[in-house]
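Engineer: Feature list, courtesy of TrEMBL:
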TRANSMEM  A:12-32  transmembrane segment
TRANSMEM  A:92-112  transmembrane segment
TRANSMEM  A:133-150  transmembrane segment
TRANSMEM  A:186-206  transmembrane segment
TRANSMEM  A:218-243  transmembrane segment
TRANSMEM  A:269-292  transmembrane segment
TRANSMEM  A:304-322  transmembrane segment
TRANSMEM  A:357-376  transmembrane segment
TRANSMEM  A:382-406  transmembrane segment
Amino acid sequence: MNHGKMHLQETAGLYATAAALRLALFTLFPALPDLLTGRVEISTPVTSFKRLQEGLFLYNHNVSPYDGGVYHQAPLLLPLFSLLPDPSAYPIFTYVLYIMVDLLSAHALYKIAESGEAASSRLFTSARKDRRWSGYVVAAIFLFNPFTIATCLARPTSVFTTCAILHAVAKAIYGTPFTAMLSLSFAAYLSMYPILLLPPLVLLAYDRQHASNRILSLLQFAGTNVAAASVSLGALFAVSYLLTGSWEFMSSTYGIQLTLNDLTPNVGLWWYFFIEMFDSFRSFFLGVFWLHLSSYVGGLSIRIRSQPLAVVTLLLGIFGIFKPYPSVSDASLFFAMLPLFRHVFPLMRYSFLTASVVLYSTFLGPAFYHLWIYYGSGNANFFYAITLVWSLGLSLLVSDMTFAVLRDEWEVERPEMVGKEIRQI
Amino acid sequence: MRSFLSYIIPLFLLSCQVFASDYYEQLNLKPLPHSALLASFDFRSNTSLSQFEAQNFRYFPRSLGQILQHVGTRELHLRFSLGRWDAASWGARPWDGTKEGGTGVELWAWLEADTDEEADHKWLTLTNALSGLFCASLNFIDGTRTTRPVMSFISEGDHPNSTLANMHLLHGILPREVVCTENLTPFLKLLPCKGKAGISSLLDGHKLFDASWQSMAIDIRPVCPSDQECVLEIEQTIDMVLDIERSKRPRDNPIPRPPPGHDLKCNSSKPYHAGDTCFPADSIEGQEWALDQVFGKTMKGTCPLTDPDVPPVCIQAPDSRDVYTSAGVTELKTPSGLSRCYKVPSDSEFSLVLPRMSHEGENAKTNADEMVEPETPLLYAERSFTGHGQERGGVQSILTNPSPDTEVEFIYMETLPWFMRIYLHTLKTRIEGISGFNEDVVKEIYYRPALDRARGTQLELRMRIPPASTVFLTYDFEKSILRYTEYPPDANRGFDVAASVITILPSTAPNAPPARRKTSNLRTTSLLLSLPTPDFSMPYNVIIFTSTAVAVAFGGLYNILVRRFVAADEGPAVAGGLKGKIIAGVSKLAAMFKGAKGKVE
């Protein structure tokens with residue numbers, strides 16, 4: 001009991017420090033939020049705060065924000081933000097909202113870490129399960145990650161998606177599948193791609209059901225949960241329809257992710273590919289890219305069936321690389337989930353390489369973008385090359401972690417192989 | 001053909017008695033400061049609506065008339081413009097700016113259609129037909145360049161109430177179109193005298209498109225005089241500001257060369273003025289010029305179809321200015337003493353000479369003796385881009401009301417391309433020159449946001465500017481990056497953004513002067529927007545690199561997922577390294593070869 005109380009004090013201190021740091025950055029450098037909002041690495045066409053403000057302005061002046069090419073975000077954000085005072089006059093309310101969202105995400109992460117699900121699930125217990133970081137450390141790593149802080153300052157709406165995903169995972173782990181599904185449908189409603197997390201999340205929730213009202217059949221459990229997710233998603237769409245008065249928002253928010261009409265540069269691979277793509281092949285490659293993105297879900301869920309949380313983490317990493325409009329905020333979510341797998345870190349083979357590649361592209365990305373856009377001394381290939389390096393670095397990290405998780409699993413069967421050289425056939 | 005005409009002409013002569021004023025032409029010359037000359041050509045012809053419906057076109061050009069009938073056009077305005085009107089030194093615009101377009105080609109028309117889709121379809125037909133008729137790329141006015149102005153354009157014609165209900169106004173502008181000789185030739189062909197006689201014989205592509213500013217306009221509208229039958233009127237105007245010194249260059253030797261030292265006009269008031277240093281004097285002092293010199297041609301008599309009572313050439317110069325004309329010309333002075341007109345015999349060539357007037361010596365003349373002081377315009381407007389880089393920028397419009405006592409109310413309309421994503425929430429106005437003015441200058445906003453690849457932004461603002469003050473209107477925008485096939489050739493030149501159209505509303509004050517009681521227009525210059533460009537040379541490379549990155553990630557991950565783990569010394573033995581691979585390969589080849597040999601035998 002005393003131990004728990006101490007923990008509570010510690011985490012409260014952590015959250016207070018994180019909030020204070022963010023508030024200090026907001027207030028001491030008043031130009032910083034707008035500067036970061038303009039960075040293509042953080043704000044994408046589907047999450048940008050500036051576009052949100054434009055959508056809000058149009059919404060408040062009775063112009064449909066979806067009858068235009070600027071606003072591509074979910075309709076429910078509009079009434080939420082129109083409740084807040086005007087961000088240009090009283091920015092503090094917006095700042096507080098974003099800080100709160102970050103703290104909520106951190107708290108969900110804290111609970112996920114404290115559950116110990118990463119190292120010992122229902123079907124599998126790692127031999128290294130004692131080597132782990134507490135929720136305090138995991139939350140701290142999330143809160144003080146420069147990518148997370150930059151995201152919070154730039155105020156993209158992707159933080160809401162991050163928060164919803166983390167809560168969905170936390171609720172699934174704590175045996176409340178319907179809340180998890182509600183949370184996931186919020187995430188999917190806001191940015192569509194989280195719907196792909198449904199299979200591993202259902203598996204996670206199935207594994208972590210409370211003993212009292214346990215549904216034994218996986219099919220039955222999955223059926224009810226998918227139904228719950230669809231119902232809540234349907235309800236969200238219905239509310240949005242009532243709010244905007246038409247279904248226009250569907251093509252504007254989700255259609256743009258499917259068709260990639262807006263080719264604003266970002267850290268992903270899609271934009272330059274589809275700028276340079278020949279017109280006759282555009283639809284074909286859009287299909288290929290989406291198929292590629294969703295192809296990982298089945299493979300990972302089946303192969304790493306015993307550790308659904310690892311599947312969720314790996315998928316988040318993959319989405320951060322291959323989704324249509326990725327940003328640093330998606331990478332920060334993946335980096336937030338990684339420390340849960342502290343126990344497999346020693347099994348990773350390329351940690352130094354991936355760390356250097358990520359750092360390299362983090363520093364060179366903005367520089368090359370500047371060379372292209374402002375100085376004109378570089379061309380688009382400079383920034384494209386950096387996004388390629390960034391994506392390759394992250395995908396190396398994802399594969400490496402997959403390898404580590406699988407080897408960890410294999411070493412439970414073959415305890416004598418710990419530390420030995422192995423190969424895959 | 002000849003015999004057919006000779007049969008027709010007597011009929012015309014008969015009817016001419018009835019419609020004596022069916023064709024009208026006049027050239028107005030107005031010397032402007034800094035040795036510029038404004039020449040306004042005005043050609044107007046009428047046909048009664050019933051004759052038009054019956055396809056009796058008379059002076060109305062048949063080629064145009066049939067297009068209009070085919071697509072149900074009730075009123076049409078077409079502009080070809082080039083250059084910039086320098087309002088600061090030339091003052092108010094000719095025709096109150098109503099006969100002027102934005103740089104490039106501008107077209108707006110009222111079409112009769114039951115639905116919007118039908119109107120769009122008719123508009124497409126109209127632009128394509130006019131494109132062929134005027135040798136201009138009007139067919140490029142597609143959905144992204146078409147708007148339906150709500151407040152800015154007001155119909156000039158008299159339309160019956162029955163057609164008024166389903167008339168659709170569509171407006172399109174091509175700022176990149178370069179207006180040139182190939183547009184003048186079809187323009188002249190629409191005139192009854194086809195540039196062979198009358199004032200139109202002065203028009204020459206070399207001089208017209210060498211002007212500092214020029215605007216060719218065609219306006220077609222129905223006019224219903226109160227006691228007569230309704231007529232369809234076509235008015236063609238050409239306005240140009242010639243730089244006299246530039247126009248006087250001989251045609252066979254057009255390359256400007258620096259004048260020899262003794263011919264240089266120096267400003268002797270400079271302290272360093274000496275025999276070997278010279279500060280060029282402003283060309284304020286008038287130059288001698290003649291009509292045939294600045295236009296490169298002489299005027300060949302008058303057009304026989306025009307009303308003989310209307311003097312074909314007028315010049316706005318004070319009576320104190322000396323003007324010499326060729327023989328046989330009658331001079332008519334107006335009572336105001338500020339302009340005079342000339343009646344020209346129908347078969348002789350006409351020219352006009354304005355000698356240089358000395359500002360020194362005994363008979364010194366002042367500027368007021370030499371030219372009529374230009375009127376102050378109702379509003380000055382200029383627009384420019386702010387910011388740097390190819391990611392985002394801003395637009396700043398500076399609107400100045402020069403009048404010391406009257407406020408000016410107008411509609412400011414912008415048509416922006418879709419790849420310029422404007423943020424309306426950043427629209428700000430700042431007012432200078434007047435203190436304690438708290439009212440919002442923007443009274444009303446009509447905004448239709450752009451839709452990617454489908455339509456452009458349409459922004460109309462109704463504004464009111466208090467006397468003697470300047471309003472700065474600013475907003476931010478973001479530059480989109482396009483697909484590489486969407487860039488024009490020479491993508492780094494940038495994209496032209498159409499001029500904004502300002503419609504000054506007639507004053508409602510009871511004691512307003514007549515100049516303020518009618519609608520007038522002005523347009524800003526067009527802007528050049530540079531967008532970020534991809535590398536056009538390497539689509540294949542990008543496709544290959546990205547595909548490789550995707551394949552590496554996918555392949556690497558699936559490789560890990562589908563394979564089994566074994567210890568390094570377990571499983572099928574494979575000799576490691578390159579050597580082992582080569583040995584394995586060779587033995588495989590050998591086995592295949594043996595197998596094939598066995599089959600042959």
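Every residue number used here counts from 1 along the chain in the order it is shown.
Each Cβ is built from the backbone N, Cα and C atoms, and glycine gets one as well.
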Engineer: Where else in the chain does the transmembrane segment (A:12-32) make close Cβ contacts, counting only residues six or more beyond its ends and a cut-off under 8 Å?
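Structural biologist: Counting only partners 6 or more residues beyond its ends, the transmembrane segment (A:12-32) has Cβ contacts under 8 Å with 91-92, 95, 98-99, 102-103, 106-107, 136, 139-140, 143-144, 149, 152-153.
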Engineer: Among A:92-112, A:133-150, A:269-292, A:382-406, which stretch has the highest count of C-beta pairs below 8 Å with the transmembrane segment (A:357-376)?
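Structural biologist: It is A:382-406 that shares the most Cβ pairs under 8 Å with the transmembrane segment (A:357-376).
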Engineer: If you count every Cβ pair below 8 Å, which range out of A:92-112, A:133-150, A:218-243, A:382-406 shares the most with the transmembrane segment (A:304-322)?
Structural biologist: A:382-406
Engineer: Using Cβ atoms and a strict cutoff of less than 8 Å, what residues sit near the transmembrane segment (A:92-112) while being 6 or more residues removed from its termini?
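Structural biologist: Hits for the transmembrane segment (A:92-112): 11, 14-15, 18-19, 22-23, 26, 33, 81, 84-85, 118, 135-136, 138-139, 142-143, 148, 152, 155, 159-160, 162-163, 166-167, 169-170, 173-174, 309, 336-337, 340.
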